[in-house]
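Report on one structure; see the data block that follows.
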Amino acid sequence: MGNLCCSPSQGSPAKNFHKTPFEGRTSIVSDPNPRYHPDPKRNNVDFVRSRVAKSGRTRVVVAQYSYMARDANDVSFHKGDRMEVLDDSDGDWLKVCHLTTNIVGFIPENYVAEESAVQSKDWFMENVSRKEADKLLMNTANSRGTFLVRPSEHNPEGYSLSVKDWDDQRGYHVKHYKIKPLDNGGFYISTNNVYPTLSALVEAYAKNAFGLCHVLSHPCPKPTPQMWDLGPTYKDKWEIPRDEIVLGRILGKGNFGEVYLGRWKDSKDVAVKTLKQGTMSTQAFLEEAAIMKKFRHNRLVALYGVCSKEEPIYIVQEYMRLGSLLDVLRKDQGKTLDFRDLIYIAAQVASGMKYLESKQLIHRDLAARNVLIGDNNTAKISDFGLARVMDDDQYQLKHNSRFPIKWTAPEGITKGIFSIKSDVWSYGILLMELFTYGQVPYPGMTGPEVVELVLKGYRMPKPNNPKITEDIYRIMLTCWDAKPENRPTFEFLTHYFEEFDVTTELPYKEVDY
Ligand code: ACK
């Protein structure tokens, strides 16, 4: 928890916070902002306010979610609480003064929105794609008319309105409407009804459907945002004291050692990968882990930090409750995944890979076993970048039996050439695993047989399974083009699966009047 910035008479702390407001009073140790150092007045809000006022930058944010402080430097808050921003120089953590408790400290930036901005509205979701909007609205807890507004994926100035609907034929489904901007300000769905702001538009359609499938009833609950650090203490460093982590049950065995369910500071579940001694050079691993920590995308498993002072090294990651996609597909949960879910997972993996593609990072071991599944079929890529720091020869020698021949592109096998295009090949294999509910690729064939046949031009045939449509099979074949340059980009693949309309199996179209 952060520091109290005003005398108690200026405002009393909220009752439900677990720590007292005086805890950690003098203990801000990693304030990254030299403006407030080493001045002892740095946590005096009036002093800070006067500086902000001079610069004319008073900024108040409103909490979109509740948050419980995790260490000495952060501030607890409840949804709806208002906070004044004192320092926004760190991207992920804002230094604020809580306007009710008067506590100064850090808060996660993506838990709040500017008071006057549309982002603070319950119904507005900034980073939600059409597919994600479908997924969120289709949650059984949401009734007909539940809605959200999101930036349009096609029109940078426009927005989309997604509404849950029901009819006899299709049951529950989601309709998407374009909200178009006017040149001189204002928005409309139908030219008959033009509104000065998005809020005015939403208010109007909440009273009258005006031709929409249903009147707007409830804003769709927003999913809790991703956190990239365990707490503000770890925003600039990633060495985690080993005694802050208690290991629990084994989740499984990875390429590099066992994976455990862990508990950080008795407050947060984490996955702990232990690094088998001698698997790779500690220094090479740490250098790579430092890069990995910088890669952030909601479709990549977050790396929180490492415990590297003693062996075995721990890699501390975001915990994904359902484990690997391969396990999920093969177990009972797999049977509950319908075509829509499979397309959603394909889109999420492509989206994570599109991010790696944009950063020119090669995964080298993309497969269903390296995709993890969380609640609501959230899929995230894991072990990205780890393969890259492996010494190639060692990897083949020590893990010969695990070398992912069936996932590796021909140029990787014959020439040891790995590129984002060889990841595209692996993605095609992953699609086959996905749509066959975890079948081993090239069933009944050994690795060497696969290599021989694939080099001669053999490709897995389309299984006799209606889930793999002709169109999806064609996509797999393009991923397995012998010439890497002919394979699609992950940008294209993301677009393809994001836009895939499961009801018509045709490219998706937004509803216009
Ligand atoms: O299918 P699983 O239970 O999910 O077995 C594998 C095993 O460890 C080896 O990779 C599990 N695992 C790996 N990373 C995580 C994570 N971040 N969250 C949850 N489970 C994980 C994986």
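Here the Cβ of each residue, glycine as well, is placed from N, Cα and C on the backbone.
Curation plays no part in TrEMBL annotations; they are all automatic predictions.
Record features (TrEMBL):
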REGION    1-41  region 'Disordered'
COMPBIAS  1-13  compositional bias 'Polar residues'
DOMAIN    56-117  domain 'SH3'
DOMAIN    123-220  domain 'SH2'
DOMAIN    245-498  domain 'Protein kinase'
BINDING   K273  ATP binding site
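Only sequence-distant pairs (6 or more apart) were considered; of these, at least three Cβ pairs between the domain 'SH2' (123-220) and the domain 'Protein kinase' (245-498) are under 8 A, so the stretches are in contact. Note on K273 (ATP binding site): other Cβ atoms within 10 Å of its Cβ, all shown chains, come to 25. Across the domain 'SH3' (56-117), the DSSP tally of helix, strand and coil residues reads 3 helix, 28 strand, 31 coil. DSSP states for the domain 'SH2' (123-220), grouped as helix (H, G, I), strand (E, B) and coil, give 18 helix, 31 strand, 49 coil.
In the predicted model, the domain 'Protein kinase' (245-498) shows an average pLDDT of 87.
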